Amino acid sequence: MAIFTGAGVAIVTPFKENREVNYEKLGELIDFQINNGTDSIIICGTTGESSTLTHEEHIECIRFAIEYTKKRVPVIAGTGSNCTETAIYLSKEAQVAGADAVLLVTPYYNKATQKGLIEHFTAIAKSIDLPVMLYNVPSRTGCNILPGTAATLVNTVDNIVAMKEASSNIAQVAELAHTCEGKLDIYSGCDDSIVPVMSLGGLGVVSVLSNIAPRQTHDIVAKFLEGDTKGSLDLQLEYLPVINALFSEVNPIPVKKALNLMGFEVGPLRSPLTEMEDAHAKILADEMKKVGLI
């Protein structure tokens with residue numbers, strides 16, 4: 001059974017002006033997502049600035065999201081790390097908190113070999129009794145999960161069942177689907193390629209766009225699954241300028257700006273991330289206005 005089908009939001013972590021986590025605001029964001037069709041909440045991922053959260057904050061964000069969501073949609077906890085033991089610790093805490101699954105990013109900076117990736121993900125997955133979604137984003141980690149490596153993992157570790165594929169390499173996604181022979185659920189990790197990944201058998205998207213356009217992101221996937229591929233593509237292309245603006249600077253700088261433009265008051269970023277450049281922010285605002293987001 002799939003962890004989820006549709007559009008899952010890689011939700012931001014809102015901060016107060018003193019940069020403490022704003023849990024009240026996080027609850028508002030979760031309600032906004034669920035009320036507008038989001039199919040899953042992914043907490044403490046890249047978009048959630050997990051790399052600048054303390055372990056205590058990380059675990060508390062996971063606990064809060066699970067308790068607040070109250071099983072309305074699955075909650076997937078980002079628990080990956082470039083330290084295997086840290087990832088095991090966070091994953092165990094997520095299981096205790098009641099997460100529906102964990103999301104494990106490839107180890108960053110270390111640049112593990114494919115053998116190292118197999119050992120890393122195997123150790124984490126075998127430490128818990130939860131479904132595991134791998135997260136391949138080589139542009140940020142300097143490490144690429146090759147299709148053969150994914151096939152080895154899915155064939156040897158029962159609870160490794162899915163991948164968020166954010167390589168931006170559609171040929172690699174095709175090879176992944178072919179090599180894993182339907183045993184691995186694939187989700188687009190890039191908002192600009194939801195439809196291409198769906199056409200290769202993908203089940204949906206783990207989305208940044210959904211933070212500001214949850215209904216539309218859900219509908220891109222839903223239309224495709226209902227057989228309305230043209231409607232899905234049309235909606236994907238309509239929002240492409242917004243998507244491009246959301247990645248004109250490193251994520252989550254633009255999406256936090258976008259949420260603040262919408263009045264959500266999600267607060268600042270944590271250092272070393274800085275506020276969006278004015279020229280980029282103007283383009284973002286202009287594109288959001290064109291589709292009625294502000």
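Here the Cβ of each residue, glycine as well, is placed from N, Cα and C on the backbone.
Record features (Swiss-Prot):
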| type | residues | note |
| --- | --- | --- |
| SITE | THR46 | site 'Part of a proton relay during catalysis' |
| BINDING | THR47, VAL206 | pyruvate binding site |
| SITE | TYR109 | site 'Part of a proton relay during catalysis' |
| ACT_SITE | TYR135 | active site, proton donor/acceptor |
| ACT_SITE | LYS164 | active site, schiff-base intermediate with substrate |
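All features noted in Swiss-Prot, drawn onto the structure.
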residue : record                                               : DSSP class
THR46   : site 'Part of a proton relay during catalysis'       : coil
TYR109  : site 'Part of a proton relay during catalysis'       : coil
TYR135  : active site, proton donor/acceptor                   : strand
LYS164  : active site, schiff-base intermediate with substrate : strand
VAL206  : pyruvate binding site                                : strand
Protein Cβ atoms within 10 Å of VAL206 (pyruvate binding site), excluding its own:
30
Looking only at C-alpha atoms, tell me how far THR47 (pyruvate binding site) is from TYR109 (site 'Part of a proton relay during catalysis'), rounded to the nearest Å.
18
Distance, TYR135 (active site, proton donor/acceptor) to LYS164 (active site, schiff-base intermediate with substrate) (CA atoms, angstrom):
5
Test of understanding: give the count of other CB atoms lying within 10 angstroms of the CB of TYR109 (site 'Part of a proton relay during catalysis').
9
Euclidean distance between Cα atoms of THR46 (site 'Part of a proton relay during catalysis') and VAL206 (pyruvate binding site), Å:
11
How many Å lie between the Cα of TYR109 (site 'Part of a proton relay during catalysis') and the Cα of the residue listed as 'active site, proton donor/acceptor'?
15
Relative to the Cβ position of THR46 (site 'Part of a proton relay during catalysis'), how many further Cβ atoms are located within 10 Å?
25
